[in-house]
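Here the structure comes first, spelled out in structure tokens, and everything after it is commentary.
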Amino acid sequence: MARTRSPNRKKSKAANAGSSVFQDIARNPLLWLLAAVPAVLWIGHARPDQSTLLFILSALAIVPLAALLSRATESIAHRTGDAIGGLLNATLGNLTELIIALTALKAGEYMLVKASIVGAIVSNTLFMLGSSFLLGGLKYHTQEFNRSTARLQAGMLFLASVALVVPSAFGAVQGEQITAKLSFLLAVLLILTYGCGLVFSLGTHRGYFGSAVSAGGHDEEEGLWPVGEAVAVLVIATLLIAFVAEVFVHSLEGAGAALGMGGAFIGFVVVAIVGAAGEIVAAWSGARKNKLDLSVGIALGSAVQIALFVAPVLVLLSFVIGPAPMTLEFWPGAIFMVFAASLVAALVSGSGRSAWFLGLLILSVYATFAITLYILPPQAH
Amino acid sequence: MARTRSPNRKKSKAANAGSSVFQDIARNPLLWLLAAVPAVLWIGHARPDQSTLLFILSALAIVPLAALLSRATESIAHRTGDAIGGLLNATLGNLTELIIALTALKAGEYMLVKASIVGAIVSNTLFMLGSSFLLGGLKYHTQEFNRSTARLQAGMLFLASVALVVPSAFGAVQGEQITAKLSFLLAVLLILTYGCGLVFSLGTHRGYFGSAVSAGGHDEEEGLWPVGEAVAVLVIATLLIAFVAEVFVHSLEGAGAALGMGGAFIGFVVVAIVGAAGEIVAAWSGARKNKLDLSVGIALGSAVQIALFVAPVLVLLSFVIGPAPMTLEFWPGAIFMVFAASLVAALVSGSGRSAWFLGLLILSVYATFAITLYILPPQAH
Amino acid sequence: MARTRSPNRKKSKAANAGSSVFQDIARNPLLWLLAAVPAVLWIGHARPDQSTLLFILSALAIVPLAALLSRATESIAHRTGDAIGGLLNATLGNLTELIIALTALKAGEYMLVKASIVGAIVSNTLFMLGSSFLLGGLKYHTQEFNRSTARLQAGMLFLASVALVVPSAFGAVQGEQITAKLSFLLAVLLILTYGCGLVFSLGTHRGYFGSAVSAGGHDEEEGLWPVGEAVAVLVIATLLIAFVAEVFVHSLEGAGAALGMGGAFIGFVVVAIVGAAGEIVAAWSGARKNKLDLSVGIALGSAVQIALFVAPVLVLLSFVIGPAPMTLEFWPGAIFMVFAASLVAALVSGSGRSAWFLGLLILSVYATFAITLYILPPQAH
């Protein structure tokens, strides 16, 4: 991130000096979806039984809120200097996913939470990367990206994925309490590793790994907001996401039943894509501008952050706010998907170039996962 | 394929203008095995109880027929231009495997069919690649091949393999009917992906991936036949393979019992190698001529074609001609082998050079698979 | 190895002409641990019930003995020319691990033996590589190593790992006797492959793979001993290790109970690290001197040797000296760890450069394995 941001910072600051939240909303059709927010709050209050409608509206409402949140974080990060800015990006980069997962955690919907963790890793790696390659490839004959940075990021993702699924892969379930203790210890270890990763990418080796650890990486040429506005947007968007997520999570059971989707499918596909909508748009925009490094960095960096930071934070918080501790035990299909997705990232990034069919092939793998999960939902734990 | 073929097409056409089917049979000792064809048909009629003899004779008879078939396809493909020729190669490239598998499908021998699918992927990747590296390495001290093409092909093979084993890896068997439905949907998805791959490799990006999707890639310097002869050979060889395959499949049970081999072992080793004999010879010939790109292209391209085209076609046809739908459910060892083989392809192709011991090591892995399958046959589903 | 050794052999011989065993002991603080050897022998005789004390003392005593053994092997190997020297290194390189495992084998402690095989592969790949990257990275900003050699070694390690876990991955347990027969056959195959690997790396392709097959690779600039002294040290150290290993293995059960560690954890962590202490020190020393090729070569070469030589030798010997044949059946967590560790090696070596955080991340994965094994010990077979 520091890598792609540094060269043209001053220029972009100057060029976008006058940008403001309202101008952006007027210009960006994605943000018009904000109209769904009041609808969600009103219908959620007046007709809480309309699950399917609420499910669709709240999913639509989260997308622009997540985009605002991520732009606000970027704007603040830019004014605070590289180190603090990077830290902000790294901790708030997946805030939307975190808020939705926390709401589900409080409601005791553990399958949903786990499915959305797995879904976030898999959809960052397969859906975001695959669709960026496809969209970029439809415009450019072939595209190149920095092979060694991508390979390092993919290597880190593989390591993080392995660490995350260890307890399940050992297949040695021996009572709730022992697994909870193990999950607690591993969560602490993963967060410490993540902390060291921040020291590395923001301190000792700024710009070396690129956006390997922090998930931001949004395109610099879009406008930045004044700090005051940005902080206000950050607070308001977070609060609104929390409200909408509440409606979203509570509508899931009814909507899932009506639409024939299990909790695992909803968490894996819907929550993961809704939560990452802002990043997906940024990755696509990078690919269409032939800046594939940006897309790869956002996709892999965000997946690493989910595995090393969001997932363990959820485990630790489950000891405080959940009805029972959430463990790091995943169902066999989840282990396979995380493992396969991070290997795909490693193998694909090794070649350093892409074309449309490679993107389509990666999307096919994602589609086989989604179809299988839809038709063969995992048994509840 | 287009890549290796284009440069010297005109020259090779000129040099081999006079080649004909009968000259080739006289010159090529492999084709003398055609003598086994009438023997199979006669003994299959007169003494159908001689399972072991029929098994050996029909295996021997398929080898030269497959070689004729593949040469005929090449000859026609050359005269029809790149696009249609590539399409012919891509759809008829694994015709022998397809005919044998269809015969087994009709007889309801699903374990044999699945084992031959897995065997075709694994033996293309490990046996064909390993033996090419070994044979080439015994002649040349070290050999180089195009790393980025090989890496792209291996990446595609990994993606195709993952897509193929998803339902089994999810380990969530929930009734025959649901699994059949899932297999149907995934088969359609894989075939669509394969179709896009043809558009890519024959249309938008001709020559970019090399022979990544189409499995032909035979050595150009051997003679081509006149179109009329080639079409006649194509039709006759296909019919003869269908007859011989019938005898072959029906001799399997008796011969397997007599030779102590289970259906999975026969499908995995014997059917896979007999069906791919023509390609194996072409890959070896490439390696001995220090054209390792050709060998790697044939091996990986053919494996991709099995996973993305032959396997799903068999699933779809099982709904029409089989006694019951065949699903994409494989036994755990099969998943491990496909996954491991495609990773081996990815890791080995990453280095871009080979020597005899690397080939031997790959063959050792193939041997451990074959030995284990012989001694520990999978339980029937 | 030959690769790094050849250039400056003459110089290093000349510079270190006067080195002797006693000088080395005086200079090297690690060797002061030799004081633990008489303590072990005495307490083992006088107070055999002091399990925990004996466990700690014997672990400490093995470390300097292993270092002496490995230096003695190096010294002899240097005087006997490349071919025989390489053979000595390759067969005696993991002698300490072999002696400890043999002692455990005789005592029928099969879980301990298997855990130490798995532990040796995993700790070579993750602990040795990770800590070398970390220690080197704390001194140098970034470090480079020869990507193609590392990739070949990692590819070989992956192939060896796959071959080793095949029977367990097939998941088709069908009676002790059949599994024992299968393990016997595969052990013979692996040893033959290893033998061919020696022909390759010491014969036809000396210097091509570097230290891919032989595990020595110690730093040349340390002093070499006169042959007579070296042979004496080799014999005496081997005998002492055998005695100490006896005490070590018999103290394990008591100490494990007292310290709350199961047999699998002790074998995986303690035996693996104690047995490889000499190589770990050599790998660290390479990393601190910015010779990362040496560290990578020692780590991956030694892991290959365990998989292709030590493990199958133990299987074969179990038919002679064990209470029952030991099979190549591992528990599911072990398969996952070996598979994941060899993939980590492959992915990490692909980039050809390292920095401290990469090392820390690899160590984190190792830590998750160790913690999980401590808290969720595998069920005995």
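Quick reminder: no glycine exception, Cβ is built from N, Cα and C everywhere.
Because TrEMBL annotations are produced automatically, they should be read as predictions rather than curated entries.
What TrEMBL says about this one:
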type     : residues  : note
TRANSMEM : A:30-47   : transmembrane segment
DOMAIN   : A:51-202  : domain 'Sodium/calcium exchanger membrane region'
TRANSMEM : A:53-72   : transmembrane segment
TRANSMEM : A:84-105  : transmembrane segment
TRANSMEM : A:117-138 : transmembrane segment
TRANSMEM : A:150-170 : transmembrane segment
TRANSMEM : A:182-203 : transmembrane segment
TRANSMEM : A:224-245 : transmembrane segment
DOMAIN   : A:230-374 : domain 'Sodium/calcium exchanger membrane region'
TRANSMEM : A:257-284 : transmembrane segment
TRANSMEM : A:296-324 : transmembrane segment
TRANSMEM : A:330-348 : transmembrane segment
TRANSMEM : A:355-376 : transmembrane segment
Beyond the flanks of the transmembrane segment (A:117-138) by at least 6 residues, Cβ under 8 Å: 94, 97, 101, 157, 161, 267-269, 271-273, 275-276, 279-280, 283-284, 286-288, 290, 292, 295-296, 298-300, 302-303, 306-307, 310-311, 314, 330, 334, 337-338, 341-342, 344-345, 348, 354-363, 365-366, 369
Stretch among A:30-47, A:84-105, A:150-170 sharing the most Cβ pairs under 8 Å with the transmembrane segment (A:53-72): A:30-47
When counting Cβ pairs under 8 Å to the transmembrane segment (A:84-105), the leader among A:30-47, A:150-170, A:182-203: A:182-203
Contact set, same chain, for the transmembrane segment (A:30-47): CB under 8 Å, 6 or more residues outside the stretch: 24, 53-54, 57-58, 60-61, 63-65, 67-68, 240, 243-244, 246-247, 281
Secondary structure content of the domain 'Sodium/calcium exchanger membrane region' (A:230-374), with strand meaning DSSP E or B: 124 helix, 2 strand, 19 coil
